[in-house]
Amino acid sequence: MRPLYSCNLATKDDIEMAGGVAPAHLEVNVGGYNTEQTIPIVKHQLVKVGRNDKECQLVLTNPSISSVHCVFWCVFFDEDSIPMFYVKDCSLNGTYLNGLLLKRDKTYLLKHCDVIELSQGSEENDIKKTRLVFMINDDLQSSLDPKLLDQMGFLREVDQWEITNRIVGNGTFGHVLITHNSKERDEDVCYHPENYAVKIIKLKPNKFDKEARILLRLDHPNIIKVYHTFCDRNNHLYIFQDLIPGGDLFSYLAKGDCLTSMSETESLLIVFQILQALNYLHDQDIVHRDLKLDNILLCTPEPCTRIVLADFGIAKDLNSNKERMHTVVGTPEYCAPEVGFRANRKAYQSFSRAATLEQRGYDSKCDLWSLGVITHIMLTGISPFYGDGSERSIIQNAKIGKLNFKLKQWDIVSDNAKSFVKDLLQTDVVKRLNSKQGLKHIWIAKHLSQLERLYYKKILCNNEGPKLESINSDWKRKLPKSVIISQAIPKKKKVLE
């Protein structure tokens, strides 16, 4: 008799990397009986469910199940953050969360004891049913505070937006919670409410946040999308935006206390997307000014995913007059030397924080320097000017701008990639590439056709773009050999008869 399912389980190394214990797992119920099999969900490793035994961790033989039916994953931003668990429907026949149909290709935040059904047969036809019960480790459940909204004085409803008490992020900026748009409800189909995010910031009285003002006018697939803003009587600003559930680039690269490199092809695709976003921003006379790994979000924690630029809290709108900026802002590790950070903090005492020590100021090319630092880290796992890790060391090294391509980490990196990094990390701003020149650099131009195929077909998942007419359905076979379409499946495999 053919087994109903098989499991490709997470390895011991995967679980140890997640802190020695899987933070959550799926309990598998196939054909109407509990298999007593659990599928661990560990940090930044996809758990795919479907019929494809080469790609899925839980392989089902039911013909009503799609090749890849749904995907689960976990995101940890850092040791102090609450782990987030997500499910995404990829099927033709539907995935149900607690009895409600999920929208295809949409991602939903999971909670303890959620029931996921991959097919909804009748009670008399249980053989067609596949149920997965999502269970969170007991030690993690207490991190969620169901009374958060009341404690913080947040509204529960703003126009058509319903704000939940489910946290997906918090920090000095404020809090990010899950919200639903009541206007999207379909009377004909009982869909699970789509998840969005609301960023809630405490403002000074009578001050509208410039981040919201900037984001409301932007519309680009690689920039966080904002739908609505509102300020309540307590001066809480609510920014309703897309939920980007794959974590940030920093946590994606983090392995323990270190950052790891990624393949050159994966780095190239991310750089291409960042350049698309920067080119759009700079054409709109907007400068991000805080581009770093933490502010680059992933839609899913896997190669070939869409990335999104976020956190425009210190972005600058130049108002089309091409003015230069003079404020010392940003993160020193990623900051261009002309911005004006000084290694000796006493030097700031005789100057206003609102004016750079370099009286000439700076322009949008400061974002390209930041991209150079990010690219250096992705290709090598090393921050180019980190030195001993102190702010003083970083600032001094950045002003010198010396790069060491003799490090062993550069051995497998192409000369074109090195040239790209070098051209972005020019201390002489005149010699540094701008966003348009970056897109024309040989590292990008040499692979432009392949990058566009990936960008429009895989990243945007649509048929837009001037060069798509020549793209065939077998685009995957035309990719560079180093492109990884899906995560490797652990070798350990268990089949239940």
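Cβ atoms are placed via backbone N, Cα and C, with glycine included.
According to Swiss-Prot, the features are:
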type	residues	note
DOMAIN	47-102	domain 'FHA'
DOMAIN	162-444	domain 'Protein kinase'
BINDING	VAL168, GLY169, ASN170, GLY171, THR172, PHE173, GLY174, HIS175, VAL176, LYS199	ATP binding site
ACT_SITE	ASP290	active site, proton acceptor
Cα-Cα distance linking ASP290 (active site, proton acceptor) and GLY174 (ATP binding site), given in Å to the nearest integer: 17
Three-state secondary structure, which DSSP defines for VAL176 (ATP binding site): strand
Secondary structure composition of the domain 'FHA' (47-102) [DSSP: H/G/I, E/B, coil]: 0 helix, 23 strand, 33 coil
Cβ-Cβ neighbours of VAL168 (ATP binding site) (radius 10 Å): 22
Fewest other Cβ within 10 angstroms of its own Cβ, chosen from the binding-site residues ASN170, GLY174: ASN170
Cβ contacts of the residue listed as 'active site, proton acceptor' (under 8 Å, same chain, 6 or more positions away): ASP311, GLY313, ILE314, ALA315, VAL329, GLY330, THR331, TYR334, SER370
ASP290 (active site, proton acceptor) in three-state DSSP notation: coil
Taken over the domain 'FHA' (47-102), the model's mean pLDDT: 91
